[in-house]
Amino acid sequence: MHISSSIINPRMNCSQAPGFTLLGLSREPEKWQHFFIIFLGLYLLGLLGNLLLLLAIGSDVHLHTPMYFFLSQLSLVDLCFITTTAPKTLETLWTGDGSISFSGCLSQLYFFGVFADMDNLLLAVMAIDRYAAICHPLLYPLLMTPCRCEVLVSGSWGIAHCVSLMYTLLLSQLYFHTNQEIPHFFCDCRPLLLLSCSDTHLNEVLMMALAGVLGVSAVLCIVSSYVCIFYAVARVPSAQGKRKALTTCSSHLSVVLLFYSTVFATYLKPPSTSHSSGEVVAAVMYTLVTPTLNPFIYSLRNKDVKSSLRRVLNIEKSQD
């Protein structure tokens, strides 16, 4: 009887607060230095680009409009997004020690979820803004008032925090085998679920449901907005008018395609599937490359932002 009770104990050698080891980008130490240089360069470039864009928008009163308000929020989110994962990855590559506590892993997971969801929601909000500006230009000042813009952004922050908190709380209730290795460079839901010795069915179902509702809602909002925008642009008689209308959307559309292509490559598969190196590459694009490129996509294609950046840089140069 005693032997039987020991055998059927489902949580033997399991812990609710285990330690993990992040394996990083490669198991080959000779490649760590190269990855460190690349990651550090992208991280510093992302910090610089997003900080400059925030400074340019904040310092120029001509850019205090709904479109640039949403863009400044996207830059703030991207700044926080890359800071959630990049410092720990750089530490792992530099020291070769990827150990992370359970509480540290959950904290990283929580903030990663918040900023990833905010990127998703802000892209949808920005699509709504472009729809209002192009399809209803005369009503635009009444539709996108400062109060409504703040409500849209505040609501997005609230949803992102709630969804991420639910993910984190569900994961915190699971048991994990001790001293597990995570085949990733940061703590994410999918690899953590694969390491659990608890029943993860409820977590998988809720994760897919919440991610599906949030992701599909945002994508439908973006697609429907652009369908209306393209229909409105097609009715514009002059080629110059069409070009001007589409120019205001080109940067946003580029960021949307870049963001969702990397997200789908990373997550569009069942949670029980084993983690692959291809997903790690897609995750690097999603968590570091895309947030780094976003400010440059917007600034290089926008005359107002470029002129504001020139003024900011000239001011800083004169002060030096």
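Every residue, even glycine, has its Cβ placed from backbone N, Cα and C.
TrEMBL annotations: computationally assigned, not manually curated.
Averaged across the domain 'G-protein coupled receptors family 1 profile' (49-298), the predicted model reaches a pLDDT of 86. Annotated domain 'G-protein coupled receptors family 1 profile' per TrEMBL: 49-298, in sequence order.
Residues or ranges marked as transmembrane segment by TrEMBL: 35-55 (among others).
Taking Cβ pairs closer than 8 Å, the transmembrane segment (122-143) reaches residues 66-67, 70-71, 73-74, 77, 152-153, 156, 217-219, 221-222, 225-226, 228-229, 232-233, 245, 248-249, 252, 255-256, 259 in its own chain, all 6 or more past its ends. Residues or ranges marked as transmembrane segment in TrEMBL: 122-143 (among others).
Annotation source TrEMBL lists transmembrane segment at 155-176 (among others).
The annotation transmembrane segment is assigned in TrEMBL to 205-233 (among others).
Residues annotated as transmembrane segment in TrEMBL: 245-268 (among others).
Summarising the annotation, TrEMBL assigns transmembrane segment to 280-300 (among others). Remote same-chain partners of the transmembrane segment (280-300), defined as residues 6 or more beyond its termini with a Cβ less than 8 Å from a stretch Cβ, comprise 25, 39, 42-43, 45-46, 49-50, 52-53, 56, 71, 74-75, 78-79, 81-82, 84-86, 112, 119, 183-186, 188, 251, 254-255, 258-259, 262-263, 265-266, 306, 309.
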